[in-house]
């Protein structure tokens, strides 16, 4: 019987207890509300063995991921934290949610880009069912036989293994639909961003107009040294009395040049070696920092996991202590007055019997 909510749990709960029905406890996608409805039913007298939880189902594209996360949290609270108020099977009315949405009934002329409308709704229901099975659902209410066939095949593959290629395709009841996806797709944009950036660089033509100016000035520069070279013979003639200072030693020049080249080469090698050592040192330092960072992250994750495990263990211990506390401990033995009657009655039963005798019931 369901859905049983907080506002109607007394009426339906009493009827279920009277006739031995199982109850679907419904709550609006919230872990605390689901637990609260179960507690109310238990306080009413309904056994939790007769309760199935409905966390409210969302269809594919209509809140499925929200329902999935809430169902995961319900399972974790029941199994990891040991919450006995949430250790119930879950049910999902998937067929009602999927087949009432717009996309499941939309014809091909309204939404051609969504594909074959018959296969579309079947796959929406099958995908949603598989997602809810993965989140811990125990019972699925579905509508289409083809969707049920696909989900049963998934369950068989999950338990027995095999290849999904062996599953047959969806059996269509309606005529096939021809959709030209190429005509529906937009024209491809082949413009490349790099070409657009390079195009303005071609406008730098004014620089070519300035190039002829140095060429025109070149003849002037060549024309000026000519008279200077012609005017030099006179000083050269005057310098003839000093021939010793005018002739440098070629061997000394070659040696000095070789020494300078060797020194420059040695300086370059030393500089390259220093740069390589600095680069290697920087890489080693970066690698050490990265390694230290990774180790710190691993340690932080390990510490967080240990802390979380300690908190969960503390919750389990607390729940176990509460459960042990609520269990009635046997009281001390008391002496009971025995009478000659075959059935020994307590004080309350004697009072009721006297009242019945007085009022002639």
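Using the three backbone atoms N, Cα and C, a Cβ is placed for every residue, glycine included.
TrEMBL lists 221-232 (among others) with the feature compositional bias 'Basic and acidic residues'.
Taken from TrEMBL, the feature compositional bias 'Low complexity' applies to 233-251.
Sequence annotations record features per position, and here TrEMBL assigns compositional bias 'Basic and acidic residues' to 252-325 (among others).
Residues or ranges marked as domain 'CO dehydrogenase/acetyl-CoA synthase delta subunit TIM barrel' in TrEMBL: 6-147.
Annotated region 'Disordered' per TrEMBL: 188-337, in sequence order.
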Which residue counts does DSSP give the compositional bias 'Basic and acidic residues' (252-325) for helix, strand and coil?
74 helix, 0 strand, 0 coil
Run through the domain 'CO dehydrogenase/acetyl-CoA synthase delta subunit TIM barrel' (6-147) and tell me, per DSSP, how many residues are helix, strand and coil.
79 helix, 13 strand, 50 coil
Mean of the pLDDT scores, which run from 0 to 100, over the domain 'CO dehydrogenase/acetyl-CoA synthase delta subunit TIM barrel' (6-147)
91
